[in-house]
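Pulled from TrEMBL:
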BINDING   PHE24, GLY26, GLY28, GLU68, ILE254, LYS256, GLY258, ALA296, THR299, GLU304  Ca(2+) 1 binding site
BINDING   ASP298  Ca(2+) 3 binding site
Amino acid sequence: MSSLKLPQSVPSPAEDAELLHKAFAGWGTDEHLIISILAHRNASQRRLIRHVYAETYGEDLLKSLDKELSSDFESTVLLWTLEPAERDAYLANEATKRFTSSNWVLMEIACTRSSIDLLAIKRVYHSQYKKSLEEDVAYHTSGDFRKLLVPLVSSFRYEGPEVNTMLAKSEAKILHDKISEKAYSDEEVIRILATRSKAQLGATLNQYNDHFGNSINKDLKADSKDDFLKLLRATTKCLTCPEKYFEKLLRQSIRKLGTDESALTRVVTTRTEYDMERIKEEYQRRNTVTLECAIAGDTSGDYEKMLLALIGHGDA
């Protein structure tokens, strides 16, 4: 479900491109105009605006934005303006680099996108970086992290709702046995998490909870300082209840001593057109304050205005 609130009558891509070009003209940049256009256009509309802008003015809109904007506001606008697969390919590539490496971002992309979306991301990755996402993940990770992440980014899960209850019971027992043995990176654990449909995994984890008295996440908290266990817990959450994963990520990014802007920006720009309404509901349920209030209290200026416009409560 998208939280984008589109105006009743949306201007044509040509009109939007012209207004954006005017926003860059003169001595100062009209940030309000940029927010009022881009924050209220969906992915297909933004794609058309970029196409028309490039044809009319001979420059990629992203380059114009990059020259005119700065800081967290710039990062948010640029990420949002990218096509979803292009954005995720960029985020995944950054997550494999030495100084911006993040196993969490790789897991997040692999587990919360649909099979078709993940395939599109990998195609863009080929085109953009002249190598595969799988080879980069394999090269830049090691040990248990590599054992988990390479199969996750390689996956093409079935997306249907069908569930095999007997299979769920047997694989719940496999997971429980391996976790009891502390064999967290066992190939059977990885196989189940990396290949089963999300509906099947949900059934398996329900069987786990019903038969063994604990949720799998609770049993994976044996060592709170173990980074691989943290990633494994987050993997099960992303695959079965992503809104809970993103709520926690937002809560942690906002409540830190100093906001984690990169995480906040990533979640807002990647989830606004998918499940932001569910994330907002989960956030308010867990924190007794709305996500809008939390963002407004922790950010400022054009960055704040852009974020609030994207999640559906901005004035721009």
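Even glycines carry a Cβ here, placed using N, Cα and C.
Taking a C-beta cut-off of under 8 Å and a sequence gap of six or more, THR299 (Ca(2+) 1 binding site) has these contacts in its own chain: ASP72, THR259, GLU261, LEU264, LEU307. Other Cβ atoms within 10 Å of the Cβ of GLY28 (Ca(2+) 1 binding site), summed over all protein chains shown, number 9. Over all protein chains present, the Cβ of the residue listed as 'Ca(2+) 3 binding site' has 17 other Cβ atoms lying within 10 Å. PHE24 (Ca(2+) 1 binding site): 19 other CB atoms within 10 A of its CB, across all protein chains.
Here the CA atom of ASP298 (Ca(2+) 3 binding site) lies 26 Å from the CA atom of GLY28 (Ca(2+) 1 binding site).
Straight-line distance linking the Cα atoms of ILE254 (Ca(2+) 1 binding site) and the residue listed as 'Ca(2+) 3 binding site', rounded to a whole number, equals 7 Å.
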